[in-house]
Amino acid sequence: MDRSSKRRQVKPLAASLLEALDYDSSDDSDFKVGDASDSEGSGNGSEDASKDSGEGSCSDSEENILEEELNEDIKVKEEQLKNSAEEEVLSSEKQLIKMEKKEEEENGERPRKKKEKEKEKEKEKEKEKEREKEKEKATVSENVAASAAATTPATSPPAVNTSPSVPTTTTATEEQVSEPKKWNLRRNRPLLDFVSMEELNDMDDYDSEDDNDWRPTVVKRKGRSASQKEGSDGDNEDDEDEGSGSDEDENDEGNDEDHSSPASEGGCKKKKSKVLSRNSADDEELTNDSLTLSQSKSNEDSLILEKSQNWSSQKMDHILICCVCLGDNSEDADEIIQCDNCGITVHEGCYGVDGESDSIMSSASENSTEPWFCDACKCGVSPSCELCPNQDGIFKETDAGRWVHIVCALYVPGVAFGDIDKLRPVTLTEMNYSKYGAKECSFCEDPRFARTGVCISCDAGMCRAYFHVTCAQKEGLLSEAAAEEDIADPFFAYCKQHADRLDRKWKRKNYLALQSYCKMSLQEREKQLSPEAQARINARLQQYRAKAELARSTRPQAWVPREKLPRPLTSSASAIRKLMRKAELMGISTDIFPVDNSDTSSSVDGRRKHKQPALTADFVNYYFERNMRMIQIQENMAEQKNIKDKLENEQEKLHVEYNKLCESLEELQNLNGKLRSEGQGIWALLGRITGQKLNIPAILRAPKERKPSKKEGGTQKTSTLPAVLYSCGICKKNHDQHLLLLCDTCKLHYHLGCLDPPLTRMPRKTKNSYWQCSECDQAGSSDMEADMAMETLPDGTKRSRRQIKEPVKFVPQDVPPEPKKIPIRNTRTRGRKRSFVPEEEKHEERVPRERRQRQSVLQKKPKAEDLRTECATCKGTGDNENLVRCDECRLCYHFGCLDPPLKKSPKQTGYGWICQECDSSSSKEDENEAERKNISQELNMEQKNPKK
């Protein structure tokens, strides 16, 4: 800005200042004209003198005195502010060093390198301050010399007073610095708003760490070393760049310039430029000092933060997590404290701690003076919760002397507290006792504890999920409303389906971290404390336990309802544990008796099958009724046993008679065979006599030529009479006829227990499937589907269950060709291999075999490979993976060509399969067989009637 056209107007400026600030000359006793030796005041005075002499009309001495006094006061106050700021910085640094030394003595873990660095920093700061003081003294001496040179031509008395040497001026400035701080309200320059530390400390909202508003706005410096350079060149450059403090000063001083004498402008420009350069240099020094202070302040803040973090990391090797809310935020108002005996961690607000005594192992060092213990440690017990089966966590005592988890008491509806602030004592009598064991927990790993305690439900609408509070806490399903929300019940829980996934994830992580820390042994925690501290903790713990015992003996009896409320014994987790321990000591296994908790309404006779044990009249009646029923059942069992013995004796007698009848039946069958052969010969003779071929009647037809029915199983029998008693093919005994199972291949009966492996129930037979024994399944038939049944693996691939199949296209040359099969005309039978009979086997007779001797797999003949290549329905190609062969017609079908279409093979291991056509033809054969039986019976009746 060009200030050459502006002239100084001293009289209007002085008058306006005095009027604006209500100046009183009586208070101007501390201002002396002869002490105006500062650079700014002297510079201004010389400038005024040069202007007045150049114009030919020198200004009055009073105006010069006022101008000098104003400039002097401004300079003195600036120096006082500088010195006070430096002293405060030194005092704060000393205090910081003292605090660091104390922390080093307490912790004893600070490295030596940091100490050496800090000492070097302190020495550098002291050197910088000494340099600044020397620089100030030099500038003061230069200003005094310049003011003396400027005031020597003047003849006014003030010029005489300003002629003393440099030592006098320095002593005057030191006296002014030593004087108490006093604000000069008569200054015209809008200087920086500096506030003393005393006034800042008196403010309510003042924070020394955030005191950034009083610092000047300066241009960014590349480094801290830029503020430590000596010389005036750097200061002048900074003054040109800033333009904030110096420009304002120049503008304020430019307002007082006089525009009436243009002739003296050339003579005053040089002196004015010198004065302005000096004033700007002083302002730059002040700005640089403030910049240095601000940078040192920021460095101190970062150092304090870094040290506090290191100290906290050394003190807290882990993050404390509250065992109630699973939060890890520890604040001064709600600190996470730790029991000095068991090591459990909890918020003060979550546990109802009044805050008077804090834990030694807590996160706040200033409060870590008094040991703190949870209620269970104070009483010296290992409690068991009445509301859940879990034993971890922090407990509160009830008014009846029982114990519950504090988290269970908060989340279970109906539980009340005597003192809401301290969350004690807990009252369970207001809760309905029917809730005990009413619902089954869906998260309990042990089903024996699923109905212990009280289960809460999911707070989502219409959700029927029930779980224990601590089981839900393990899964991260517990939630709490915010403090600003006004809700009657701020504690709620959701099941896995309705809970927030992210919220559940971090709670689950915190719970696992809490459990991993709680598993730390007490010996490891004791190692962290000195023997003296551990002894002090144990002594205080014994005092607390003595007080708790005394309070328990003098505590008034809690209120209980007059009528005793029943509660199931199985709903108490502690009772279940004791019963399990008793069973273990008695040698009784609890695993073989599964607990059936299903509440069945009633049995067939209207009586309840099971009722949970409880001290109620209903359970007593059920108990006596059960005993009476047990006696009746035992008597009935004894009677049935006697009847069984009698029937077994009768069965033995009947077996003897049965064997005799079988022998006589065999003789009669042989006689019948002879007579039938004679009849056939006579019938053939009659045919030759008549010259015609006569059809043999059914009565003369040989049994081997008869088509066996479906019920007969396809085997040729010499008698149409069914067997009355069947014998087991393995044990050769005929007992337990209802447990005999017929093999559809070998037509032998087997006991379920005699099979390998034994069966527990009868296999299910369907219309299109049958059952065969293990012997027939291994090597008795040519069915390859059972052997080649594809088993689906977990990864989605399939493999053969018993053997690996060779490729379809590979056919060995040394394999003999299969025998030619000739289809049998007329009607088809139900038996296996009846649609196509090889020429080599068609003349063999099927003799009912006796029990097949079990042979090892190595002695059996290798099975012929069953290759399936063409579908009988669509005539398309295929292989063993997508074709199935019918056991009757031996034709192949695609899985999708069946009716209904299937995705996999209908054959199962141990079962056969026939197509739909064979199944319909077999039903027709049964109908034809029934018709033939009816015709034969009619012929027999006709033959008998003529004889009569």
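One-based numbering along the chain as shown.
Cβ from N, Cα, C; glycine included.
As recorded in Swiss-Prot, the features of this protein are as follows:
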type     : residues                       : note
BINDING  : Cys322, Cys325, His347, Cys350 : Zn(2+) 1 binding site
BINDING  : Cys458, Cys463, Cys495, His498 : Zn(2+) 5 binding site
BINDING  : Cys728, Cys731, His751, Cys754 : Zn(2+) 6 binding site
BINDING  : Cys743, Cys746, Cys773, Cys776 : Zn(2+) 7 binding site
COILED   : 630-678                        : coiled coil
COMPBIAS : 36-47                          : compositional bias 'Low complexity'
COMPBIAS : 60-71                          : compositional bias 'Acidic residues'
COMPBIAS : 72-85                          : compositional bias 'Basic and acidic residues'
COMPBIAS : 95-110                         : compositional bias 'Basic and acidic residues'
COMPBIAS : 117-139                        : compositional bias 'Basic and acidic residues'
COMPBIAS : 140-174                        : compositional bias 'Low complexity'
COMPBIAS : 199-212                        : compositional bias 'Acidic residues'
COMPBIAS : 233-256                        : compositional bias 'Acidic residues'
COMPBIAS : 288-297                        : compositional bias 'Polar residues'
COMPBIAS : 836-850                        : compositional bias 'Basic and acidic residues'
COMPBIAS : 922-935                        : compositional bias 'Basic and acidic residues'
COMPBIAS : 936-948                        : compositional bias 'Polar residues'
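Neighbours of the Zn(2+) 5 site: apart from Cys458, Cys463, Cys495, His498, residues of the same chain with C-beta atoms within 8 angstroms of the site's C-beta centroid are Ser457, Asp459, Ala460, Ala465, Tyr494, Lys496, Gln497, Ala499. For Cys773 (Zn(2+) 7 binding site), the number of other Cβ atoms no farther than 10 Å from its own Cβ, over all displayed protein chains, is 24. A mean pLDDT of 91 is what the model gives for the coiled coil (630-678). Same-chain residues that are not part of Cys322, Cys325, His347, Cys350 yet have a Cβ within 8 Å of the Cβ center of the Zn(2+) 1 site turn out to be Cys323, Val324, Leu326, Gly327, Asp334, Ile336, Val346, Gly349, Tyr351. Here Cys350 (Zn(2+) 1 binding site) comes close to Cys322, Val324, Cys325, Ile406: these same-chain residues lie at least six apart in sequence, with C-beta atoms under 8 angstroms from its C-beta. Sequence-distant neighbours of His498 (Zn(2+) 5 binding site): residues of the same chain at least 6 apart with a C-beta under 8 Å from its C-beta are Cys458, Ala460, Cys463. Look at the compositional bias 'Basic and acidic residues' (72-85): DSSP puts its residues at 14 helix, 0 strand, 0 coil. Local packing around the binding-site residues Cys322, Cys458, Cys743 was summarised as the count of other Cβ atoms within 10 Å of each Cβ; on this measure the leading residue is Cys322. The sparsest Cβ neighbourhood within 10 Å, among the listed binding-site residues (Cys325, Cys463, Cys728), is found at Cys463. Assigned with DSSP, the residues of the compositional bias 'Basic and acidic residues' (117-139) fall into helix, strand and coil as follows: 23 helix, 0 strand, 0 coil. Cβ atoms within 8 Å of the centroid of the Cβ atoms of Cys728, Cys731, His751, Cys754 (the Zn(2+) 6 site) belong to the same-chain residues Gly729, Ile730, Lys732, Lys733, Leu740, Tyr750, Gly753, site residues excluded.
On its own chain, Cys495 (Zn(2+) 5 binding site) has Ser442, Cys458, Ala460, Cys463, Ala465, Phe467, Leu477 as residues at least 6 apart in sequence with a Cβ closer than 8 Å to its own Cβ. Ranking the binding-site residues Cys728, Cys743, Cys773 by Cα distance from His347 (Zn(2+) 1 binding site) puts Cys773 first. For the binding-site residues listed here (Cys746, Cys754), the lowest count of other CB atoms within 10 A around the CB belongs to Cys754.
Within its own chain, His751 (Zn(2+) 6 binding site) has Cys728, Ile730, Cys731, Lys733, Asp736, Leu739, Leu740, Leu741 as residues 6 or more apart in sequence whose C-beta sits under 8 angstroms from its own. Taking each of the binding-site residues Cys731, Cys776 in turn and counting other Cβ atoms within 10 Å of its Cβ gives the largest count for Cys776. Following the DSSP three-state reduction, the secondary structure of Cys728 (Zn(2+) 6 binding site) is strand. Other Cβ atoms within 10 Å of the Cβ of His347 (Zn(2+) 1 binding site), summed over all protein chains shown, number 22.
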